[in-house]
Amino acid sequence: HFHDCFVNGCDGSILLDDTSSFRGEKTAPPNNNSVRGFEVIDAIKSKVEEACPGVVSCADIVAIAARDSTAILGGPYWNVKVGRRDSKTASFSDASSGVIPPPFSTLSNLISRFQAQGLSIKDMVALSGAHTIGKARCSSYRDRIYDDTNIDKLFAKSRQRNCPRKSSGTVKDNNVAVLDFKTPTHFDNLYYKNLINKKGLLHSDQELFNGGSTDSLVTTYSNNEKAFNSDFVTAMIKMGNIKPLTGSNGQIRKHCRRAN
C-alpha cells in the first residue's frame, strides 16, 4: 500500500506487469524482490470479481488488505475510504526516483520524503511502526549490521549469520530477516522498544531513535500502545488519500496485473 501510494498516488500502479508500452514499478530498486504478495491480491480480486464484477478497484483492494492484515495480526481496525480507481499505466522511473525512502535513509530524508506526500513527522514515525511485521532482504540491512555503531553487538552478530559480508561467490542478497525479532507476526509496539534497545534492523529504522527529533515519539509509542495504534490509523487513512484517481479518471481493472 505504501509502495503504491508514494508513487503517483494510491492507484494500484505497483500491481501492473511490464508491457510493450511501459516498464512497470515491480522491478524498480525499492520494490524488486522486496514487495511481495502480488498473488494474494490476485486471489482477492478474482473472488471480488465473481461477487460483483467491475465495482471494486485493485487500488481499493490493496488499501482494504492493508487494513485487514493489520487487524488480523492483532493491530487496530479502521474504516477504509473507498472509491479509488486504477491507473492504466505504471512508471519504473518514478518508482526509482527516490520518492520511496530507501532503507539507508537519514532521518532528514525520511522526514522530507513523507512531507512531500503531505504526511507529518508524527505520521512518518507511526507508519514506520508497520515494521512490527514483515521481513527485509539482506541487501537492505547488510551495511547496518556490519558498519553502524548504534547497534546492539549481539543483535548484529546474530543477523550476520544469515547475511554475510560481500565475498567471492554468491552474495546472499535475498536472504530475509524479520523486521521485529521479538514478535514478527504480531502487530504491536515492540518495534519501538527494539529501537530503544538499538535493535532496529534497517538503518532507516534506527534513525528514528538516534538522538534526533523523533526520539520522544518513539519513547511515547514504546510506552503507550494505544497512542501508537491511534496515530497509526490516522496516518494510514491520510496515506490512503494520496492523489487517488476518482470519477472518470482511471478504470476498474478486471485483472490487477494489466489494464483493461
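Backbone N, Cα and C define each Cβ position, glycine as well.
What you see is a predicted model, and the numbers here were worked out from it, not measured in a lab.
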Between Cys52, Cys58, Cys138, which residue forms the disulfide that TrEMBL gives for Cys256?
Cys58
With reference to TrEMBL, which of the candidate residues Cys52, Cys138 participates in the disulphide bond with Cys163?
Cys138
Could you measure between Ser13 (Ca(2+) 1 binding site) and Cys5 (disulfide bond) for me? Cα positions, answer in whole angstrom.
9
Among the recorded positions listed here (Asp11, Pro101, Cys163), which has the Cα closest to the Cα of Thr183 (Ca(2+) 2 binding site)?
Cys163
Please report the number of other Cβ atoms within 10 Å of the Cβ of Pro101 (substrate binding site).
21
How many other Cβ atoms sit within 10 Å of the Cβ of Thr183 (Ca(2+) 2 binding site)?
17
